[in-house]
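A short write-up of the structure that comes next.
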Amino acid sequence: MCEERARMLQDQFAVSVNHVHALAILVATFHYDKHPPALDQDTFAVYAARTAFERPLLSGVAYAQRVVHADRESFERQQGWIIKTMKHEPSPVQDEYAPVIYSQETISYIEGLDVMSGEVGLPLHRRFLGLQARSCYCGSSELCWVLRLQEDRENILRARATGKAVLTRPFRLMSDHLGVVLTFPVYLVDLPNDTKVEDRVAATAGYLGGAFDVESLVENLLRQLAGNQELVVNVYDVTNHSNPLVMYGSEIPLGSPSPSHTSKLEFGDPFRKHNMTCRYRNKLHVPWSAITTPSGVFVICMLVGYILFAAWSRYDNVKEDCRKMEALKKRAEAADIAKSQFLATVSHEIRTPMNGVLGMLDMLLDTELKSTQRDYAQTAQVCGKALISLINEVLDRAKIEAGKLDLESVPFDLRSILDDVISLFSAKSREKEIELAVYVSERVPEILLGDPGRFRQIITNLVGNSIKFTERGHIFVQVHLADHSNLATEAKNEPVINGMNGHKDDASAIYASASHNTLSGYEAADSRNNWENFKLLLSYEKNEMPYESDSDKVTLVVSVEDTGIGIPLHAQGRVFMPFMQADSSTSRNYGGTGIGLSISKCLVEIMGGQINFVSRPLVGSTFTFTAVLRRCDKNAINDSKTVLLHPLPSSFKGLSALLVDKRSVRATVTKYHLQRLGIASEVVGTIEPAFGVLSGRNGRSLTSMVKKQPCMLLIESDSWGPQMDVSLHATLQEMKQNDHIRVPPKVFLLSAAESDKVKTIYAVDSVITKPLKASALAACLFQALGITQPSNEKRDDAGSLHGRDGSGSLHGLLLGKNILVVDDNKVNLRVAAGTLKKYGAKVECVESGKDALSLLQMPHKFDLCLMDIQMPEMDGFEATRQIRAMEGNEQASDSDDSSSENAAKTDKWHLPILAMTADVIQATHEECTKCGMDGYVSKPFEEKQLFQAVQKFLGPTTSS
């Protein structure tokens, strides 16, 4: 029983310690990581006061900054006060100081006091101004803090040297309870566990302290457990075994001594040792003669009965204890809610102005702009979306930790998603002059059922990392079916030893080969991703090998291969840990937070797959993951399954092309994109065989795939030799004059450089800018071949599969609808109104919930209401409740109508209300539903998100 109480006491103390640690992280993040600091005394005091309910056992918290003597004068000038000793006198000259700069309002009187000014070298029993710890009864809380801060000098030195929380000896609080002070070091940077003492001292920024009420902690625990009145519990500080200090309980034994049990307590400070002693309040002495009498037998029977009764009661008590322990566990887990709420608040404060920025940029891009102006606006829009993406990653991590991340199950086009990812990083890849390519197996279904946003997030994280750490070579994304990929790797498999593919050290890994048959010619980290295995996969596609599965599930294998700097061997074990990078210089040199791979791993596991990697330093990395999705018949998609597709034009079907490329992998990727457009192609290594194929000479003829003369000749830039402009066109003209070809093919150059610059250098009909994606390739071919794109193949406004007839487009949904927008931010009102008016809606804006109520008095003209949540006077939740109450009153007044008419009027009076919120945590969404809202759109909202949100309320079925 004593062990149980000791364990529960440790757990409750650990929860309180974690809250103090969280405050230390808050100070480190917003005082030192922000320039200028985003934290001041008022903010700290307000935050500490508002979150005091999380620390009921703390009488106050304060933060002292480390100041060396050389910086004292500038520090005092900045703060506007001088550093004082415990006696409120100017602090004498010393090597360093630790003045309190932030404190909870309840202990604000200690601001400016130097916690390093306590007397040094005094014996332990004289440290507190000559008073014993047991005799430290404070007449005021100020005196208690002064006494404790003097001991804090030794604790501070020990805390910053170890990097751990440090406790003081027990002392009396103003409430006459015994307590201790907990001190946390705050460092300027994150330090590994094996950091040397001198490095820790150099990195120290300050110290965070809090006073714990130990007696209240133990009393609260004992009150929660049954049977505590039968036990006497004492808690001791036994750091000095010869003189243990009582932290809880009485030093004078109660009644006769009885057997006791001692349990060790671990409060996190390895220097200080604590014990808990439990014993029964009284010990009964029963004489042996009492057992031999009839009354003794009666007593024994009674005792046996009592034991059985007690056993049953104990069983009930244990069940109750388990229930209470579960409640305590939930309370401890509830501490995470504070972190989630903090993240939500920060995200709201950032996303709200970003909504205005991105919305205005979107409206700006809809105006007439010069090409340079449009480029500037698009660049700013991309940067804003990147910031929103970073915020979403942090929130995703919080959702994953809380187990509240749910996946969608909607139809999507995998190839379009990969094209979007390629577009996102195309500019960076051209800037670095690296090959960026994607290949999807023909056997992968065109439409899949899953979560396209999360799938895109995984690919974006992996490709983004590759772009970041790759300076030469290539980045290659491949997608295959799992069965085919396994067959290929089993057919030609090489052992992977310590992530080095059989190389014993870095040097052998780097100089193993000078040239490789890869996308760019540089060696790849995973030797299993070679050309031979790639050819095997291609052969499975051509032979139409059946997919060995009777279910509708599809298991994809996705690999992202790069030839970057690789991952050092010592860092490979922590790649998927959140906020971890290879070393401290990674963030400085390459940026990033180290959270992307951690989130990707969690998302892959939620999708039923696994993720792993092979990496070799200075060679590159290959990340491979599997994902379990479902097949989806394109004809079976209905209105309830909205899907955004980018249909490719069919105007090129039947055309043929000849490709000149000396790299087999790269040529296969180009053929893949041509094939998506319906263009048959043949590959040759150099230009000379190309002439033979065009003329049918030298035994070369067109393959069965390319039955007629190619109308286009595609040449890779590294296959374009010197003086090739003149010789190529001269040869083509000669072949035409000799009737070897009827019409010279259009000549296209494949290059990663900007097309306008390349076209001025090379005499070609057009330049196809890499990285390749089918839509961009089609646009180039339309212009160069002079083909007019049919109007029925052009994308509709909404870009959806159901938008070709206009019935499912956003414009079709909003045209002529009366929409009320409620937001206290005028910029957000302009953005929302501008976006909705663009699609034909009639918009009316108000700035408060009260104004919205006045406009929504029955009857009203509005078809939809977009309601902000956080507004002064009356927030969106309360406004929605009152709107629903008005609708209920209107329904009650019509209660004398027939039931069918009543139902019709109920539907008529119900106004769809969508929350416009920048808080994207689960709790906010649940509150929206609870108060009567019909849904929500996260700010900043985009066209696809808005379409999905309003479709079920303003769609054709609803309108009818």
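Note that Cβ sites are derived from N, Cα and C of the backbone, with glycine treated the same way.
Annotations in TrEMBL come from automatic prediction, not curation.
Listed in TrEMBL for this protein:
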- 35-277: domain 'CHASE' (DOMAIN)
- 345-631: domain 'Histidine kinase' (DOMAIN)
- 656-785: domain 'Response regulatory' (DOMAIN)
- 818-954: domain 'Response regulatory' (DOMAIN)
- ASP868: 4-aspartylphosphate (MOD_RES)
- 286-312: transmembrane segment (TRANSMEM)
Hey, what's the Cβ neighbour count for ASP868 (4-aspartylphosphate) at 10 Å?
26
Tally of DSSP helical, extended and coil residues in the domain 'Response regulatory' (818-954):
70 helix, 24 strand, 43 coil
Average model confidence [pLDDT] within the domain 'Histidine kinase' (345-631):
79
How does the domain 'Response regulatory' (656-785) divide up by DSSP, counting helix, then strand, then coil residues?
58 helix, 25 strand, 47 coil
